[in-house]
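S.K.: My questions all concern the structure below.
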Number of protein chains: 2
Amino acid sequence: MSASEGVQPTVSAPTFRVEPIDTLCVNTIRTLSMDAVQAANSGHPGTPMALAPVGYTLWQYFLQYNPADPTWPNRDRFVLSVGHASMLIYSLLHLAGVKEVGADGKPTSAPAISLDEIKRFRQLNSKTAGHPESHLVKAIETTTGPLGQGVANSVGMAIAGAWCNAHFAKPGFENLFDFHTYALCGDGDLMEGVAAEAASIAGHLKLDNLTWIYDNNRITIEGKTDLAFSEDVATRFLGYNWNVLRVADANDMPMLARAFTTAKATKGRPTLIIVDSKIAWGAPNKQDTHGAHGEPLGDAEIKGTKAFYGWPEDAKFLVPEGVAEHFQAVMGARGQAAQDAWNATYADYASKYPELAAQWSQMAHHTLPAGWDKDIPTFPADAKGIASRDSSGKVLNAIAKNVPWLIGGSADLAPSTKTRLTFDGAGDFQPSNHAGRNFHFGIREHAMASILNGMALSNLRPYGSGFLIFSDYAKAAIRLGALMGLPVIHVFTHDSIGVGEDGPTHQPIEQLISLRAVPGMLTIRPGDANEVAEAWKVILQQTHHPVTLILSRQALPTLDRSVYAPAAGTAKGAYVLADAVPGATPEVILIATGSELGMTVEAFESLKAEGINARVVSMPCWELFNAQDAAYRESVLPSSVTARVAVELGSPLGWHQYVGLHGAIIGMTTFGASAPIKDLLKHFGFSAAKIAEAAKSLIGK
Amino acid sequence: MSASEGVQPTVSAPTFRVEPIDTLCVNTIRTLSMDAVQAANSGHPGTPMALAPVGYTLWQYFLQYNPADPTWPNRDRFVLSVGHASMLIYSLLHLAGVKEVGADGKPTSAPAISLDEIKRFRQLNSKTAGHPESHLVKAIETTTGPLGQGVANSVGMAIAGAWCNAHFAKPGFENLFDFHTYALCGDGDLMEGVAAEAASIAGHLKLDNLTWIYDNNRITIEGKTDLAFSEDVATRFLGYNWNVLRVADANDMPMLARAFTTAKATKGRPTLIIVDSKIAWGAPNKQDTHGAHGEPLGDAEIKGTKAFYGWPEDAKFLVPEGVAEHFQAVMGARGQAAQDAWNATYADYASKYPELAAQWSQMAHHTLPAGWDKDIPTFPADAKGIASRDSSGKVLNAIAKNVPWLIGGSADLAPSTKTRLTFDGAGDFQPSNHAGRNFHFGIREHAMASILNGMALSNLRPYGSGFLIFSDYAKAAIRLGALMGLPVIHVFTHDSIGVGEDGPTHQPIEQLISLRAVPGMLTIRPGDANEVAEAWKVILQQTHHPVTLILSRQALPTLDRSVYAPAAGTAKGAYVLADAVPGATPEVILIATGSELGMTVEAFESLKAEGINARVVSMPCWELFNAQDAAYRESVLPSSVTARVAVELGSPLGWHQYVGLHGAIIGMTTFGASAPIKDLLKHFGFSAAKIAEAAKSLIGK
């Protein structure tokens, strides 16, 4: 048998015979999907129709999942990476009777997805969005749609499982977190680079708690996949050190059952199950066509399909008697029993290891341990200073030793980003040590960010790091973290032309504004070591917002806080660092962030020496400042003072909101260049003298 | 032999014996690299030292390249995807005596890289930037550094070769453009998703004019590659339908020669040559360590290395006698002969096919054929209107039939982005038809954008398309096109919450400002069909700037241009569409782009009906408007009028530059939602009534 065929599952499933009720359940998923898309007059019917037997077999007979408690920590995870097939997961959630989770994190008696919600598919304020959104429905493990993200998230969940299992392991409790993560994906996922990166690292890490199910339907939006995709997927994944199985017919539930059994039993490798399917299976005219991908089938086609299924042709949103009951009797009973058993084991564990149990409780409730911040250093004034990447490394280490589940790493740049945890016992996360806390994501920025989302979705507090320029590679995943409200930490160093000799390919210009423009995210660019420490305090206390922390490669002076205002102002996003004439309205306001704060303070001092009543404002975070009340904002930037200079080694776009049409912005309007930093700063006009000059010009002095 | 080993080259090279002069040349490359990095006290010495024999063997004995005319159209392309190893290419360019190209596109007598430039490595205004920059040195094929981009560019160059070869083919002239493209890459390239996408499509397209040489040095910045990268690269590439060869020792020049010969002779597949190397080969203490990756070796280590090479230990920047002469005698003579032969063939071709020769001349000089714009339609006023993606599709087709080298496609969204060329003979670019003009890039946005850069670097005028939200996936490549000054066209449709039911995962918010913030790029968001036509006129006339064209999914009214100002104002970025009281200073200015123009005009009409002297400004392109002179900008936005309302379905960031601190911005400050567009517009407060209300509030009415 050639590699290109994949291998048939080698392990027999427990006796598996397809009963009429199974077919009824499968066809209920199919018809609900068709009907919902038709009612919305928008959506993707073909894939749910094709994959209904796959989703059904997996959920009903394999998933360790308790519908009555969808956030049970050791539940198996199911990720619908083909997010456009959202009606598949909505149908499954509905039929399986999965409950909604309340604001307190506990399951309620309300359904996660009611039949009414399915009828309101893709309508305003419904829970049944066009693509599954985890922030709308807690029982949805992750928000998917942008292709490749779901599978990459699933690697993060599998990592979280492996890490928790290893971290909490004690004699007799070796498998507290042995959940399996399944992701259902399509050719689009497998064409995306982020998925390739994620697959490679998952194989490297030997994540055998991970299975991807590949819907090989040979259809894309433009037509047949062979217009653009003729690679041998099985061979590629064998190259990644995955096990590869093939099921030749998505309707062959016994063979699917064998495949899932084999996948679960596979050790030392993740598993890819290639399932050949027919999009819109059963549709008389649209089966196997791209016309069934992204638009409603139409009433006539639906009738024909229902006839083929032996379904009442005119029935809409029909859930036949027995379907929900069957889910309850099989999946529900299995899930409840599994959770009951786990609860008993966990209670035993908690009594023997109360300290570890307390840790888990904090992780599960997204709280921080007492004293998490007790070792955060204060940095003494120092004109020579320290690079903010270095001070950040010290602060991160000081926090991480008190927060065991604060874990992360870098896309091969840890020696440069200073994110390595260096204290005893931190260790490396590797196949041989799943309890390690330092991650080597490889040169895979996009997968890193997406994996971090998956880790955050499974109770970890993850961080990643890289050069700011490479935030571009990861942007799509960073954004999804913001949409989901995940407190992922992205550390980006080498924040500007301060990079120096590496040149314009490595010098960010527009990246700051690009990140600041993402809704629901904080971008913090601290100006000295003590602002770095304050920034980390802000970061750790986030529960619903990702943060990008923007740091310098070069040394920044540590300000003397007995002369200038305390760095605690960082938490408000911007604060008055100093006034030349305290109490009086300033003539001119200088505003700076990050590495430009030092030269701006210098400019302030020279203006002060000239008798000019200047103010210097440090503004490490726009989003936090904009969230302050109007009185505070007015106190920092009095509207009567229109002479304002903003200084930042980045695109000037966005700064007009603080300096208006009459202020000045000293920013970067072109790409940078390759040269030592001192030459670049001079060349591009960044110096205390230039800042002072701009300020004086504004006030006619 | 297992797949994981790759296969040894199967074709013998012409007699190849390593002479002392070859070793001398190789060691000159090595020592120049070491010395330059040391002098700059910054850079990456280890990889040029390791790969000197690879670069030397390829350039000296295989590359069809004339140092006296580095832009000869049928030259082989060499891409240094490991851009950090820039001293390798600077050394090769210098030793081979490659000439600089003048502003007129013709070779000069000056060296592309002089020894002085090598001594000024990584200094301000030198040509020897930290990473190779094609806009600084014409003989550098593409700007590299961000990993994965160079190899993806190389696929674009190979596509350009294949397309030109097929397009210009005539009996007896079947191989006018049979150049080969070589890319030298490292583990970082191969870990990046963009390279995986590019490799998959290259294998699909059977680009046998493409060879990647993989420097398998087993070292990354964090340490050994096996920290994060243990996949079987050979098996992966066999899965992509590549030929895979292995050379076990980078110093084995005869085996390298065999590999290059085999690669060139391989039909129907691109070739990957895996070359095992030792980073910093010969360095007594740093060989095979990551300490040799990104920092100078240090004086003592350099001396030890030079001793190992048998080099004068104290000589710096030494180019021994005979080295340049040897390059001239072998590579130079071969290249000149090849070009002479090609020139003769081409002269014959041009005499027989003057029309095609004229086409080539226009392509080579980046000019447009006469009458290229003659079929661009004018759209009649139409209240119901047409989606801008649809009008764009019509305009693109009208232009493309007159500009044969305007070619492109989509990342599997052509039916949605309307970029397909539908006229007779356009065809699909597929392995069976390399003259086709419609490209199916697959669901690989990042590789698409990077491939477009490579196509533009080889005389094509390429466009790609996708949904605006997926510009995030491609951003890193889009940026590099701007840095290189390539007139690539990126068509992005589905530009806002106007996407509707697909929901927030598919609705751009921050993408517009992210693209606008890229230096050197135009972002155009036309407001009706006639602005679309004008936008395409602007686009085609760009020679040094990429453009992103932002289009709607939904229908937009086509304005009556007998009532409102002509759409030709689009070329100025912003223009006064109408004044309620022509000639008088307006009380309030409404500014809109794209799909919001229609509702803003409606608001203008209602204000006018109420007797308010409003102005409506259409602003499809910030960059073009900001480039107008102050008088024009003042004529559109008189500084005396501070009551200004900006309307755009995107992040409000950046708009303060036009509305100041006293204006209003109707924008999106949160993510969108899944619902029909009409419900979304209402929910998020976008309507003529809301705009009018904001305007009146500003002027206290």
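Quick reminder: no glycine exception, Cβ is built from N, Cα and C everywhere.
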S.K.: Please state which member of B:Asp178, B:Asp187, B:Asp252 TrEMBL lists alongside B:Asn217, B:Ile219 for binding Mg(2+).
M.R.: B:Asp187
S.K.: With B:His84, B:Gly145, B:Pro146, B:Leu147, B:Asn217, B:His293, B:Phe470 listed by TrEMBL as thiamine diphosphate-binding, which of these, B:Gly55, B:Gly188, B:Gly322, B:Gly500, is given for the same site?
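M.R.: Within the candidate list, TrEMBL flags B:Gly188.
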S.K.: Tell me the coarse DSSP state (helix, strand, coil) of B:Glu445 (active site, proton donor).
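M.R.: The three-state answer is helix.
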S.K.: Do any of B:His84, B:Pro146, B:Leu147, B:Ile219 (binding-site residues) have a CA within 10 A of B:His293 (substrate binding site), and if so which?
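M.R.: Neighbours among binding-site residues, in sequence order: B:His84, B:Ile219.
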S.K.: How far is it from B:Gly145 (thiamine diphosphate binding site) to B:His44 (substrate binding site), counting Cα to Cα, in Å?
M.R.: 12
S.K.: With 8 Å as the upper Cβ-Cβ limit, not reached, which of the binding-site residues B:Gly145, B:Gly188, B:Ile219, B:His293, B:Arg389, B:Asp502 neighbour chain A?
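M.R.: Cβ contacts with A, in sequence order: B:Gly145, B:Gly188, B:Asp502.
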S.K.: Within 10 Å of each Cβ, count the other Cβ atoms and name the one among the binding-site residues B:Asn217, B:Ser416 with the highest count.
M.R.: B:Asn217
S.K.: Can you tell me the three-state DSSP label for B:Arg553 (substrate binding site)?
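M.R.: The three-state answer is coil.
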S.K.: Mind giving me a neighbour count for B:Leu147 (thiamine diphosphate binding site)? Other Cβ atoms within 10 Å of its Cβ, every protein chain shown.
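M.R.: I get 29 for this one.
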S.K.: Between B:Glu445 (active site, proton donor) and B:Phe470 (thiamine diphosphate binding site), how many Å separate their Cα atoms?
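M.R.: Distance between the two Cα atoms comes out at 7 Å.
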S.K.: Give me the long-range Cβ neighbours of B:Pro146 (thiamine diphosphate binding site): same chain, 6+ apart, Cβ under 8 Å, in sequence order.
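M.R.: Long-range Cβ contacts: B:Gly83, B:Ala476, B:Leu480.
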S.K.: Report the residues of the chain - excluding B:Asp187, B:Asn217, B:Ile219 - with C-beta within 8 Å of the mean position of the site's C-beta atoms, for the recorded Mg(2+) site, in sequence order.
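M.R.: Surrounding the site, in chain order, are B:Gly186, B:Asp215, B:Asn216, B:Arg218, B:Thr220, B:Thr225, B:Ser277, B:Ile279.
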S.K.: Pop the Cα-Cα gap between B:His506 (substrate binding site) and B:Gly188 (thiamine diphosphate binding site) into the table, whole Å please.
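M.R.: Rounded to the nearest whole number, the Cα-Cα distance is 30 Å.
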S.K.: Mean pLDDT for the domain 'Transketolase-like pyrimidine-binding' (B:386-558), rounded to an integer?
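M.R.: Looking only at the domain 'Transketolase-like pyrimidine-binding' (B:386-558), pLDDT averages out to 98.
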S.K.: Ranked by the number of other Cβ atoms within 10 Å of their own Cβ, which of the binding-site residues B:His494, B:His506 ranks first?
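M.R.: When each Cβ's neighbours within 10 Å are tallied, B:His494 tops the list.
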